[in-house]
Amino acid sequence: MDQFVDDGSLDDNVDSFLSPDDTDPRDRVGRSADGSKGFSFTELRRIPASTSKVECCHFSSDGKLLATGGHDKKAVLWCTESFAVKSTLEEHSQGITDVRFSPSVSRLATSSADKTVRIWDVDNPGYSLRTFVGHSTTVMSLDFHPTNEDLICSSDNNNGIRYWSIKNGSCAGIVKGGATQLRFQPRNGRIFAAAADNFVSILEVETQLCSAKLQGHKNLVHSVCWDPSGEYLASVSDELIKVWNVGSGSKAEFIHELSCTGNKFHTCVFHPTYPLLLVIGCYETLELWDMTENKTMTLHAHDQLVSALAVSNTNGLIASASHDKHVKLWK
């Protein structure tokens, strides 16, 4: 397998991986944005983010803030320009499992092993605006609806999914079918993907019904990730990544897959510049997968598991969070 050079960027041998002659990055990953030969993926910053394992991270929609959370029970807001701490959010009594910014308003949501979901005002984060109680066990994941500012969904490890009204401070619906991670389809948010066991359910937000069941993983699906258009969905298990053309949700079509040949897979994001390039978080490493050519490249990234990845389509940054207590920024 081709390797990155030591400084984390790619040298000229990248030509076998990314073809610089293509003009449409949708057809193939293509050349770098400046038109020069080759492609770079470089570590910008290593942040000692916690005294414990970091489990989750997410960029604000404007790319100016990065939220992180993990075993130390705190959510931290970082300024991505100065890399300074903006705020530390401390109310959860157990580890934080997921952090998500609202796409439209200045809010952050956190989920925790303490069975709660909390909503915070990013500009005034001294205390949470809402605490949602109702899950019977660890809340594994949550997400804001992309257009309905009042709606947030969360999932627990007992396959329970709950709809919450931020305005009313109450539960607005309960569905079975998600555990490890759930994510709304970007843009219109008519559907969301929920990973549970070795499959992914596509659920309609309005009817709360399952419109498709994406199967093919043999092991637990750790995470799911949409591309920015909401057309493609990637699902990740230890040994396999599958990419689906979901469209409206009712006719999800399997289009690509990658089997693990090195360190086990855990999480992934679509690259912000090259739509058919997937960045994969593994144990200690990041893997770049050009889906069109079905070629991969690997670089050492952390000293333990890469637990989460986040991407900003505004400034092109990618963040990796790890059990080594650090967060790294890449571009």
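Numbering starts at 1 and runs along the chain as displayed.
Cβ coordinates are placed from backbone N, Cα and C, and glycine is handled just like the others.
Note that TrEMBL annotation is computational and uncurated.
Taken from TrEMBL, the feature compositional bias 'Acidic residues' covers 1-14. Positions annotated as region 'Disordered' by TrEMBL: 1-34. Residues or ranges marked as repeat 'WD' in TrEMBL: 47-78, 89-124, 132-174, 214-254, 299-331.
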Interface present between the repeat 'WD' (299-331) and the repeat 'WD' (47-78) (three or more C-beta pairs under 8 A)
yes
Where does the mean pLDDT land for the repeat 'WD' (89-124)?
97
Taking DSSP states H, G and I as helix and E and B as strand, how many residues of the repeat 'WD' (132-174) are helix, strand and coil?
0 helix, 25 strand, 18 coil
Tally the residues of the repeat 'WD' (299-331) by DSSP class, grouping H, G and I as helix, E and B as strand, and everything else as coil.
0 helix, 23 strand, 10 coil
